[in-house]
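J.: The region 'Amidoligase domain' feature in Swiss-Prot is assigned to 1-265. What Swiss-Prot records for 13, 186, 187, 188, 189, 190, 191, 222 is UTP binding site, and it gives sequence analysis as the kind of evidence. Under the heading ATP binding site, Swiss-Prot lists 14, 15, 16, 17, 18, 19, 71, citing sequence analysis as support. According to Swiss-Prot, the feature L-glutamine binding site maps to 54, 355, 383, 384, 385, 386, 406, 471. Marked as domain 'Glutamine amidotransferase type-1' by Swiss-Prot: 291-543. The active site, nucleophile annotation in Swiss-Prot covers 382. The active site feature in Swiss-Prot is assigned to 516, 518; the stated evidence is sequence analysis.
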């Protein structure tokens, strides 16, 4: 039977529960344990798919087509275990399922209540499909005391009794703020957070204390005394230069040992973390650097492109270079902005990421044109590929009125709504006036690469599988004029109906992909497209 580690947060949000969970999972894996990480999100949205990127950040898509929290990206990158739909649950989805059961009469006339119906649903989710695991780590979103999270806190309290006290450990992440005026670290917020947690019936076994300054031994003893945990289970968590240093820091402070000890597992075998040390060394001691501009719509919140940022870092790791990312608002390239050309001229490569809606689209097209004309390495992802096709249609294929039907009626809809596609041998269909949530082409789909193409060489394969999240696609009826304009359709769906990759053979590095390769990139296994893109940027840096 799997053991469960429940991770809660206190004092403030955004302390890094997700990174802590991912780091702990990685350390347990290095000890040979089989792990899986799950996320409980207390918000009432069914999933984050329809939420604003500025509110939620990135939507992380799994192989099986789930739109999930960005923390699942950290889980997958650190552990290497592909996330699944069953690894993320929201209050919205729980209530949706419960209400559907009530409408069907499944509760046989019983009064449907938070306890036991909601809490039972949460417990079922936590325990589902865990028989082949050693540890299941469950992160509870939000902060202890939030009204929204109370059913989850109650559910994990019950699980300790259901599963047996030796099979559940509670890890609580808090903030130990530094008051500059007094020159002191303050432990009182942590004490109050633990008091709130214990008032709900949960005594934490391990305390992780985020702090900007080293936590003195006397303060650890004080926290241990007032929070009723062993001193060895008070783990300092200082800021790190890179998120890939975090597992090393946590191991040095004894997090994995404290958690195993709380389970009664006293394992003294030294841990070999050479893989993580190698990554840390490459990041700390690069042999060069490149500057890549990301021309996007949501650059005001970098979490909106979290996996993209990490994939570029992974490309830098593969090439032993530091990647400097310049975030550029696409709208600055619309009209005659004298600063626009200057901003692009200083870049070694240009990337246009995914997005939705018309705002900023002309700026993205202008950035594509600059990259094409000035032979700057260009990478278009999802909407970025579509903008590359519109730019090519207008400026190299003679289709001056080319646009996307996403932006309104068009005389030349080079980009159109896809209403049906094939998945696992079956046709999926969507209506133009259907719901927004969960109706896109989501999850992993195969593609066939053109023999001799640049992407076939990069992948070293003719067949690939990548993750998608889109409802618009390059209109196959414009394939011929676009190819006459210099674009090569080097990747297609197996049925030959959906363009997946375009490239320009007359350009040093110009590739557009309809999928999201950043979702599969990992520090120990950088995605080949990002590795090659950064290599192209490095080559460009030596030319300017």
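Just so you know, glycine gets a Cβ as well, placed from its N, Cα and C.
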J.: On a simple 10 Å Cβ count over all chains shown, which one of the binding-site residues 13, 187, 190 is most densely packed?
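T.: Highest number of other Cβ atoms within 10 Å: 190.
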J.: In whole Å, how far does the CA atom of residue 191 (UTP binding site) lie from that of residue 17 (ATP binding site)?
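T.: Cα to Cα, residue 191 (UTP binding site) and residue 17 (ATP binding site) are separated by 18 Å.
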J.: Among the binding-site residues listed here (222, 355, 383), which has the Cα closest to the Cα of residue 15 (ATP binding site)?
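T.: When the Cα distances are compared, 222 comes out closest.
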J.: What's the CA to CA span in angstrom from residue 54 (L-glutamine binding site) over to residue 14 (ATP binding site)?
T.: 15
J.: Using DSSP and three states only, what is residue 15 (ATP binding site)?
T.: coil
J.: Near residue 384 (L-glutamine binding site), how many other Cβ atoms are within 10 Å of its Cβ?
T.: 26
J.: Give the distance between the Cα atoms of residue 14 (ATP binding site) and residue 518 (active site), rounded to the nearest whole Å.
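T.: Here the two Cα atoms lie 23 Å apart.
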J.: I need the nearest neighbour of residue 16 (ATP binding site) among the recorded positions 187, 382, 385, 516, using C-alpha distances.
T.: 187
